[in-house]
Amino acid sequence: MSAIQNLHSFDPFADASKGDDLLPAGTEDYIHIRIQQRNGRKTLTTVQGIADDYDKKKLVKAFKKKFACNGTVIEHPEYGEVIQLQGDQRKNICQFLVEIGLAKDDQLKVHGF
């Protein structure tokens, strides 16, 4: 008869947690860009998921200057600090974040109509 060599239990997810430290910081986190309807034709664009390493107030200042819109940083109970901009700035924000190297194109998730 053949002897069974491997009698140890196997955890299929054990190796998945070992490789996490090899990834650069922020590669698995997504930046969510959403649009919300206000009254009439007015809209708000929200940006959520930017790492805490970056100063969000300075980012808002750059967004406001580049896109000629108003914006602020709000504290959301579920998502933490969220950037809020007036108008539909989804494409502009995507281009800007990739341009300055803050995020890669596959890290950006754009939501909305």
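Glycine too: its Cβ is placed from the backbone N, Cα and C atoms.
Annotated features, as they stand in Swiss-Prot:
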MOD_RES   Ser2  phosphoserine
MOD_RES   Ser2  N-acetylserine
MOD_RES   Ser9  phosphoserine
SITE      Arg41  site 'Binds 40S ribosomal subunit'
SITE      Lys65  site 'Binds 40S ribosomal subunit'
Assigned conformation of Lys65 (site 'Binds 40S ribosomal subunit') - DSSP reduced to three states: helix
Spatial separation of Lys65 (site 'Binds 40S ribosomal subunit') from Arg41 (site 'Binds 40S ribosomal subunit') - C-alpha basis, Å: 23
